[in-house]
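Here the structure comes first, spelled out in structure tokens, and everything after it is commentary.
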Amino acid sequence: MNKELEHKFVTQLEENQNIVHKICRLYTNDADSHNDLFQEVTIQLWKAYPKFRGDSKFSTWMYRVALNTAITLYRKSKRRVQTQDFEGVSFKIKAEEYDDTIEQQLKLMYDAVKDLNDIDKALVFLYLEDKNYREISETLGITEVNARVKMNRIKEKLRKILNP
Amino acid sequence: MDVLDTLKKDWQKQEDTLPKLTYKEIYSMLLKKSSSIVKWIFIISIAELLLWIFISFLVPDSSKEFNEQMGLKNVFWAITILNYAVFAVFMYLFYKNYKNISVTSNVKELMKNILKTRKTVRWFVYYNIAGTALTLLGANLYFYFNQDKLQRLLADAHYGYNNISPEQATTVFFTAQLIVGVVFIGLLMLFYYLIYGLLLKRLKRNYRELKKIEV
């Protein structure tokens with residue numbers, strides 16, 4: 001029974017591991033911390049797994065546990081106060097649409113996102129992951145209206161960084 | 001186009017650059033130990049609860065005997081009973097709050113529950129510090145107003161005050177009580193402030209940020 005559960009869990013996590021890696025990338029600043037955080041998320045997911053009923057999607061459930069771990073539970077050295085550098089961003093822009101200004105702007109934006117506080121970062125992360133405001137507000141525990149207002153403020157902030 | 005939409009498009013292209021862990025690597029992580037803040041809070045809180053229970057057993061017999069001879073036996077007996085009752089209530093509250101911490105609640109709920117758990121322990125520590133200070137103060141006031149009895153007792157070779165005059169003995173006695181009391185309480189507060197401050201700094205900051213969104 002336990003072996004079966006372990007197998008099911010590891011398979012599901014293996015399939016969805018990108019979600020956790022993206023969170024690690026946002027919230028840590030080097031490979032070691034990245035792995036540490038991934039490890040802690042895995043443990044927390046596994047501990048909570050017996051209570052996972054399957055009435056929501058595994059990935060949806062994962063977002064919540066992984067973000068909770070990154071923002072609240074995870075505790076490591078001061079290293080993790082800063083964030084991983086998005087060096088070599090942007091990711092894979094195709095040659096034909098390659099544009100120096102876009103590249104520059106993306107770099108600036110990633111830097112700005114990196115500098116946000118833990119909560120705002122979570123908000124932006126869920127937005128970038130294409131979550132709607134209902135999901136964002138449910139994950140963070142704030143109202144939908146407040147999530148929208150805050151997101152608009154962050155957008156405004158980013159816009160100012162791009163066009164000072 | 002919306003600035004963030006440009007970013008969103010790019011964000012979703014990063015999949016290829018992410019690390020890929022194998023089934024085996026993930027599996028081996030299940031066997032590792034967690035180092036989460038909740039675990040630390042639990043350990044420290046239990047240690048604090050035990051420390052206070054331990055301290056209450058630590059009062060030396062000579063001091064108990066002394067208090068008995070000063071006629072405070074019943075008062076101290078009542079204080080001890082009250083103490084254990086309060087300890088039990090705090091233990092229950094702590095356990096209840098701890099049980100409420102769930103990694104699957106939303107971010108705000110989780111933070112709130114962790115802070116609540118800590119708050120219970122914090123009140124427990126306040127209760128003990130205040131209780132200690134008040135008992136010490138009360139007892140010393142009583143001693144002060146019953147100096148005849150005190151001097152007679154201190155003259156007893158048993159307490160080591162018999163080489164000095166009764167007036168000096170009283171002065172030394174009260175000064176010693178004061179110094180020990182202040183140092184003890186001061187150390188406890190410092191120790192507590194350090195642990196509590198370091199452990200929860202980030203959590204409190206994040207919780208504040210989250211609350212700020214709500215206004």
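Placement of Cβ uses the backbone N, Cα and C atoms for every residue, glycine included.
Bear in mind that TrEMBL entries carry predicted annotations, made automatically and left uncurated.
Lifted from TrEMBL, the feature list:
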- B:37-55: transmembrane segment (TRANSMEM)
- B:75-95: transmembrane segment (TRANSMEM)
- B:124-145: transmembrane segment (TRANSMEM)
- B:172-199: transmembrane segment (TRANSMEM)
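Long-range contacts of the transmembrane segment (B:37-55) within its own chain (CB-CB distance under 8 A, at least 6 residues past either end) are made by residues 87, 90-91, 94, 98, 101, 114, 117-118, 121, 124-125, 128, 192, 195, 199, 203. Remote same-chain partners of the transmembrane segment (B:75-95), defined as residues 6 or more beyond its termini with a Cβ less than 8 Å from a stretch Cβ, comprise 45, 49, 52-53, 56, 64, 67, 117, 120-121, 123-124, 127, 131, 135.
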